[in-house]
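Structure first, then comments.
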Amino acid sequence: MNNIIPHTFQVERKDRNALKGHSSFVCWFTGLSGSGKSTLASLVEYKLHEEGVHTFSLDGDNVRGGLNNNLSFSREDRKENLRRIAEVAKLFVDSGEVVIASFISPLESDRKYVKEIIGQEDFLEIFVDTPIEICEARDVKGLYKKARAGEIKNFTGIDAPYEAPVQPDMEIRTEEADPETAAKNIVEFLKTKLENHYNE
Ligand SMILES: Nc1ncnc2c1ncn2[C@@H]1O[C@H](COP(=O)(O)OS(=O)(=O)O)[C@@H](OP(=O)(O)O)[C@H]1O
Ligand SMILES: Nc1ncnc2c1ncn2[C@@H]1O[C@H](COP(=O)(O)OP(=O)(O)O)[C@@H](O)[C@H]1O
């Protein structure tokens, strides 16, 4: 960082957390396209918001439509996509928000990189574990059909890899729990972090 000297501001993260009355961190959903990331993220955010928690959602399609609209789905571009998202998420954590991030984030090494940028203590990984056959049967956006027809290249799970997390903080098998029940369980899990992390 040549000649870059960060300014220290009087209002710090701890002051923003105190004003909001809770801690801030990133809840990161990873899983295949159609696994249920956005569905669960939306329900979880709604429930937290209803309880007065300050939240902000970052989602694959939204971020790729703006900030990251120059990036493809090559391995290098996915890494850059996730690097920028991690930096943005970190800013939101500093601002005192609970960030709900939903990105395929298919590689263990890239998720590790994201965790390093955000900081281990501010990062929770939730694996939305849905077998590819189910995601493909759902085919919410018709993308699997296009990928099978060769109209989309590097599609995760078809001709690009997805590495399941080795030690996620939480795993949701969407075949076993309906979205509402799964979201409730996630919120219960996050509440511990909201309180404990704040009192540390
Ligand atoms: N080739 C390919 N592979 C996977 N996904 C694709 C692809 N092309 C477009 N899409 C759409 O982009 C969404 C995933 O973007 P992400 O930023 O989450 O992907 S990544 O983390 O950089 O791998 C993903 O959204 P979700 O279905 O919500 O996961 C797709 O709608
Ligand atoms: N238990 C579940 N959790 C989440 N989504 C589910 C579940 N069961 C079925 N679904 C359906 O699966 C689809 C998941 O789509 P979406 O949330 O957009 O996935 P992603 O964001 O991972 O691409 C939605 O149509 C949702 O209604």
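Backbone N, Cα and C define each Cβ position, glycine as well.
Copied from TrEMBL, the annotated features are:
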- 24-172: domain 'APS kinase' (DOMAIN)
- Gly31, Leu32, Ser33, Gly34, Ser35, Gly36, Lys37, Ser38: ATP binding site (BINDING)
- Ser105: active site, phosphoserine intermediate (ACT_SITE)
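Locations of recorded TrEMBL features on the structure.
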residue : record                                  : CB count, 10 Å
Gly31   : ATP binding site                        : 27
Leu32   : ATP binding site                        : 24
Ser33   : ATP binding site                        : 25
Gly34   : ATP binding site                        : 23
Ser35   : ATP binding site                        : 28
Gly36   : ATP binding site                        : 26
Lys37   : ATP binding site                        : 27
Ser38   : ATP binding site                        : 20
Ser105  : active site, phosphoserine intermediate : 28
Of Ser33, Ser35, Ser105, recorded positions neighbouring ligand 1, Cβ under 6 A: Ser33, Ser105
Any further residue of that chain within 8 Å (Cβ to the Cβ centroid of Gly31, Leu32, Ser33, Gly34, Ser35, Gly36, Lys37, Ser38) of the recorded ATP site: Phe29, Ser102, Ile104, Val128, Thr130, Cys135
Reduced DSSP assignment, Gly31 (ATP binding site): coil
Cα proximity to the residue listed as 'active site, phosphoserine intermediate', best match among binding-site residues Gly31, Gly34, Ser35, Ser38: Gly31
Ser38 (ATP binding site): secondary structure state under DSSP, collapsed to three categories: helix
Local confidence of the prediction over the domain 'APS kinase' (24-172), expressed as mean pLDDT: 97
